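Asker: Shown below is the structure under consideration.
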Amino acid sequence: MNLHEYQAKELLAKYGIGIPAGHAALTVEEAVAGAKQLPGPLYVVKAQIHAGGRGKGKFKELGPDAKGGVRLAKSIEDVEASAREMLGNTLVTVQTGEEGKQVNRLYVTDGVDIASEYYLSMVVDRASGRVGMIVSTEGGMDIEEVAHSTPEKITTITIDPAQGFMPHHGRAVAFALKLSGDLNKQAQKLAKQLYTAFMDLDCEMLEINPLVETEDGQLLVLDTKMSIDGNALYRHKDVEEMRDETEEDPAEVEASEYDLAYIKLDGNIGCMVNGAGLAMATMDIIKLNGAFPANFLDVGGGATTEKVTAAFKIILKDPAVEGILVNIFGGIMRCDTIAEGIVVAAKEVELDVPLVVRLEGTNVEKGKDILANSGLPIVPADDLGDAARKIVAEVKQAA
């Protein structure tokens, strides 16, 4: 689950991490009121969307010369003007795609006199099974270009979670940032605080960009992104309440209500599979046969008729879907139960695209009989390769 910048900063502040004063706003009036509570005379007005590149982004509804989603304001009047331009308009960044995201929230913060900018992030390094701490002296809006053009300026420090954060990790961070004296000590302390927050909150990613050194010699978190492991939200009810569903794909939100793991993709073949590994293999073989998957959808090990029906409805809400491939291995789940769900769902949604079903496992023959006697134009498949070839052929024939 992704958090907005102001939400992430609210959480980090609880760990004693230095954060510039700021206030979230849903309206122009709230933005102005928030700015009046800050020392000034400089303010920063930030669009709050779940995407990076806001500073270099452009608003669809504004002219090409308009400012982006992060703006410096030199007065309360400037704050008001920026808030009026940003709220309700669509911000397009390198991470949103051409469709952009509508700005519904702002974050007004106090301006900071910046001496230097750095980059510091933490991610789950799945290859090593450790936490990867990524550090660079080249923080700011161009960090992606730095990673591409001068990767030697980026240092990665791995931390074994079984061992935890050790003093030498903090020293390594400070050394990578080329800090000395009091700033060196601040960096070591900050690295430990961030690691503690990362582990306590079950983060998948925590990015500080930029981490800034102020003119008076303080390290402050100027901007941050935070992503929480959705499977751990039951441990963080306060964090779960921060979820902003308006920033998420509506189909993915609906799928989560039925405990379906759904991710929309750009292809034309809808997929309904049980098990993440089998789902990925199914998508791979669809591509191998010259088509592209329209989604990842894992119905899990306890699919019911209700869940299968919901899955079909979610898949068919995507106008790009031209056919559906169902690939089920019945272990805990019985194939006859799945077949009954498929028949009920196909009739309820008035399926009008080709449907290929491959069943294997417990009660597979009963499942195949149910499909064969359903009176629906369901195409059976014997194995994964056969299923992929058939759905691609059916879609081409129906085109």
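For all residues, glycine too, the Cβ spot is worked out from N, Cα and C.
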Asker: Going by the substrate site in Swiss-Prot, where G331, I332, M333 are listed, which of the candidates N274, N289, N373 is also part of it?
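Answerer: Between N274, N289, N373, Swiss-Prot records just one in the substrate site with G331, I332, M333, namely N274.
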Asker: What is the Cβ neighbour count of I332 (substrate binding site) at a 10 Å cut-off, with all protein chains included?
Answerer: 12
Asker: Can you name the residues of this chain that are 6 or more positions from N209 (Mg(2+) binding site) yet have a C-beta less than 8 Å from its C-beta?
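Answerer: Once residues fewer than 6 apart are set aside, N209 (Mg(2+) binding site) is near Y119, L120, S121, G139, G140, I143, D223, T224, K225.
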Asker: Expressed to the nearest Å, what is the distance separating K46 (ATP binding site) and M333 (substrate binding site) at their Cα atoms?
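Answerer: With the alpha carbons as reference points, the distance is 48 Å.
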Asker: Taking the Cβ of V112 (ATP binding site) as the centre, how many other Cβ atoms fall within a 10 Å radius?
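Answerer: A 10 Å sphere around the Cβ of V112 (ATP binding site) contains 15 other Cβ atoms.
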